[in-house]
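A quick write-up on the structure given underneath.
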Amino acid sequence: MPSRPVRRRNPPRAVAHDPAVGTEVELETTGVAHGGIMVARHEGRVVFVADAIPGERVRARVTEAKSSFWRADTLEVLEASPHRREHVWSEASVTRDPEGRAGGAEFGHIELAHQRELKRQVAADALARIGRIDDAPDFTVQALPGGDDAAGTGWRTRVTLHVAPDGTVGPYAARSHTVIPVSSLPLAVPELAAIAPLTERLGDAASVDLIAPAEGPLQIVTARDGSRPPLAAITERVGDREFALEALGFWQVHRLAAATLTGAVQRAIDADAFDPRAANLDLYGGVGLLAAAVGDRFGQATRITSVESYESATDFAARNLAEWVGARAVTGRVEQWVRGRAENATATERGRQRAATIVLDPPRAGAGTEVVAELVSTEPAQVVYVACDPVAFARDAKAFAAAGYAIRSLEAFDLFPNTHHVELVARLSRD
Ligand SMILES: C[S@@+](CC[C@H](N)C(=O)[O-])C[C@H]1O[C@@H](n2cnc3c(N)ncnc32)[C@H](O)[C@@H]1O
C-alpha cells in the first residue's frame, strides 16, 4: 500500500503570498464554526483550525492568511479535550501530515455525543446570528438508531473515490483535490468497503462511484474523463415502499436517512393545516421520496407536485408516485418554476396555493431569497423545510421570517456521523 499522497492537476493547497502562510502557531480553540473547523485567536486575529476541538491547545500550521482571518491545520495536540478519541479512520488522523489526511471524516477524532453537541451549536448559532431568529424551538441533534454502534462508522451507502494521474484510487484530502491512498473506508457500509478498488491502479479513469442499494447487487460506476457508462436503474426501499432511480441519481446517503426524513417530514406537517386538495408541493423532489412521505400520511386523495431539475429523476419520480392520481412530477429549476406562480394563477388556483403545504429540500446552497419570496407571495398554509446546511437554512429562515413565517417545530438528525454535517427538518407557518 503506497503511503505518499499523489497530487492531481489542481491548484496548490495554500498560496504562500503572505509570509504567515507556512508558519507554526500555538492556539487555544474556543468554539466551533460552520464547516467542521474550530475557532481560535492569534494576536487578536481569528484563526479557523482544522482537526481540533473547542477547549484544546494545539500547535498548528497556517495555510491561508487573509486580512480578516487565517486558516490553520493542527499539527500536534498540546492539551487535549476530554472529548478527543482516537480517529475512526487512521488515514485521516492528526498524527499524519495535514496534506496526507483523508477527507470526509473531519469530526472522526471527537466523541459522538460531543460531535452532535457541536453540530447543535453551529445550527443554533446560525439561526441566531445569520437568521436573526431568537424564538426558534430548542432542539438536540438526534442519533439515528444504532448510530453510536461501531463508533458511528458503517453507514455510507454511496462513496465517490477519485483517481490520480498515476491511477491511484482514493478519497480527496480534506480541503484539496489531492488523492489520498487509503487501506480502508470506515464510514462506508461494510459491503461497499469490501469491494472498493483501493489497491488497484485505474490509469484511464477519473472517478469511481460505489453504491449499495437496498435491493439488488452493489454497483461500481467508473467514469472516464467526465463521461459515464449508461446507468442501470436501482431500487431503494423505505419500509414497504420501493423507489426506483438511476444508479447515480440522488438518494440520501446514510442507510437510515430516507426512513428518518420520511418520519420527520410526516411528523412536521400540521395535520390541521393540511389540505389534500391544495396545490401541495415537493420542491427539489429527487425521485419523489418526500412527496411519497406526504402521500403516505394523508392518503390516496393527496394532490402534490414534485419539482426537480434532473430529468431522469423526474421520470423515476413519476413512476414512484404513480399510485397517487393527484401526484405529478415536473422537470424544472425551482427558481424558474415558482416564478410568477401567484400572478399567473386563476382565483381558484390561488386559493389552492394559499391552502398548500410546501415541502422543500434544497441542495447545500439553500433555496435563496428569490425562491422564498415567490413562495411566501402565495401565502401557503405551512412550509416544511429539510435542510442539509444550517447556514443556508438560517438565511432562508430569515427571509421566511420577514414574511411572518416563524419556525414552529425543529428537529435535527445526525445523518452524517464523524463528519460536520447535520440535517434539520423545520415547519414554518404564520400565526
Ligand atoms: C437534497 S436533494 C433532495 C432530493 C429528495 N427530496 C430526497 O430526499 O431524495 C436536492 C435535489 O434537488 C435537485 N436540485 C438541485 N438544484 C435544483 C434546482 N435549482 N431546481 C430543482 N431541483 C434542483 C437535485 O438534483 C436533487 O435531486
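Cβ from N, Cα, C; glycine included.
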- Query: According to TrEMBL, Gln252, Tyr284, Asp361 bind S-adenosyl-L-methionine; which of Glu308, Glu343, Glu379 is also listed for that site?
  - Reply: Glu308
- Of the binding-site residues listed (Glu308, Asp361), the greatest number of other CB atoms within 10 A surrounds the CB of Glu308
- Spatial neighbours of Cys388 (active site, nucleophile) among the binding-site residues Gln252, Tyr284, Glu308, Asp361, using Cα within 10 Å, are Asp361
- the domain 'TRAM' (18-76) resolves under DSSP into 0 helix, 39 strand, 20 coil
- Same chain, |i - j| six or more, Cβ under 8 Å of Gln252 (S-adenosyl-L-methionine binding site); the result in sequence order is Ala258, Leu261, Leu289, Leu415
